[in-house]
Every structure is written in structure tokens, then in C-alpha cells.
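Report on the structure given below.
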Amino acid sequence: MTRTDQDSWDLASSVGATATMVAAARALASAEANPIIDDPFAAPLVRAVGLDFFTRLAEGEIDHDEQAQRDRQLVADSIAVRTRFFDDFFLDAARRGVRQSVILAAGLDARAYRLPWPSGSVVYEVDQPDVIDFKDTTMSALGAVPTATRRTVRVDLRDDWPAALRHNGFDTTQPTAWSAEGLLMYLPPDAQDRLFDAISGLSAPGSRLATEYHPDPGSTMAERAQQFNQRWVRLGCDIDLSGLFYEGERSNVVDYLTEHGWHVAARPRQDLFTDYGRVFPDADTSQLRSIVAVTATFGEAG
């Protein structure tokens, strides 16, 4: 499964399948005895996509050997920690008065339905038309009701998504909470820069941004992709996920944002595991160990 500059997908193929994969992990994490996230929509969304492996994974119906059990727990913990980090980011921004949020590459993200948004909150979901349409249909069938004003922006991030966002009512004069969750590695290095340029150009002072990145050299991307794929193969996944990441040297996210007017805070993934009461895995999981979580505030100190 190799990327091209004009490739497209649905939730059962290519990059779209990773959204289903992450939703399956959220379902697993939500079903734990002491969960740190609660996503009641993850499992039904995964079932609706119809990929057998991810459906069985979401419902805990896959038998594993000892290694695969460790992999499954690592997947659930990693996605739970990441999800909680972004949940907390949005809720903190809301407490600080931000009422406009944008979820880039929203996939099967259900935050517009499951977070306790303050009155007056507007949540924009940006993704490809087929992905948005699928989620709209499925959530409607589930009888789900958004907890904020939800506005969908049906556009590929490789196209003029800022114009599409503004066309759907986005207010550039108001501070915004932006998320780029699990996104950067699926963009070419130059597209990552353009994404941050666009966000900066749309952001009023006081806007906030959350993302995550690997600070190690781009030359190691292929190795990380193989580690990522091997873990899912051990769990029984028959979809090759190793060709989805773009290689090449990337801008350091912290440096790039700082140079473009953002006040940035960065924390290693290990710290988040500790904060949320999860045990960080052994040192051999270098793919996970190098991840840095980033929050930033535009035009003023955090």
C-alpha cells in the first residue's frame, strides 16, 4: 500500500483504514475496568465500517498469544493516552474561553458528540467527503446528537481547505483550538509546513494548537513504519500499513511553530503515560518512545 500525491481513500482502505484502526483501539480502551477515556461511539463506528479484523478487535473477540496480548495492551494504552491528551487540550481551551475548534483529518473522531462542550461552542470537522458522509450517516442511524454546534468541511487537506473552512462559517477573528492528531506522518514534509502555515494564517491571537511528532531524523521513518506494521500483523491485521508514512527530512515542529509566532510547550510521551496512570512500555519500543506531544498558543504566552 504505497502513497501517491493524489491518492484517495475510504475508511476501509489506505490512510482511511488507520482511522478505523484508531477507533478500534479507542473502543478497547473505553471497555477497560478503569478507563481514562470514554468513547461510546468508537465500537459502533468500527462495526459500521465492516472490516472484520478491526470489528473483532474493538469487541475484544480476538484470541492472542502472550506477545500479541502485550501488543494489544500497548495499542490500547497508547491510543488512550493520546486521546486523553487531545480531549484535555480541547476542554482546557474551552475553559479559557475558546469557543471555536477545528479537528483536522477528523476520521471517526466523535468529540463533537462526546465531550461536554460549553454553550456556544462550534466544532469543525475537516476530512475527505466520503469519510464525513459515512460518519454523518452512521451517527444519525445511532441517534447520536452533537454536544456542540458541529460543522463538517468536506475537503482533502491537500486542497484549499482554508477556503472551505471559511465558507462553512469559520471566523478568523475569533481564537481557535486546532488539533492535528495522528496526522503529520501521513503528510509529505513540505505539506506539513504548509499545514502549519495555513493554521497560523487563520489563527487569531489566543488560538491554541495540539499535535504530536517524532523529532528523530526522517531517514528512520521507514524503520518506524515497519515497527508499526509488525505490531499490527502480530495482532492479526491483514492490511499492510507500512507504506502509508512519508519519508524525508521534516521541520522540527517546536522550532517551526516558534518561528511563526507560537509559544510552544513540548512533552515526551512517557510523561503523558505517567500523568494518566499508564505504565510506559519497555525501551525497545523506540517508535513510541520518541513521540513528543506539543501544545502551542498563538500570539501570546500560554
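Using N, Cα and C of the backbone, Cβ positions are placed for all residues, glycine too.
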Checklist line | Identity of the S-adenosyl-L-methionine-site residue among D127, D133, D190, D193 (reference: D156, L157, source: Swiss-Prot) | finding: D127
Check: Under a criterion of Cβ-Cβ distance under 8 Å and sequence separation of at least 6, what residues of the same chain contact L157 (S-adenosyl-L-methionine binding site)?
Finding: L104, A105, V126, L187, A191, L195
Margin query: Most Cβ neighbours within 10 Å: which of the binding-site residues D127, D156 is it?
Written below: D127
Margin query: Same chain, not part of D127, D156, L157: whose C-beta falls within 8 angstroms of the C-beta centre of the S-adenosyl-L-methionine site? Give them in sequence order.
Written below: L104, A105, V126, Q128, V131, V155, R158, D159, W161
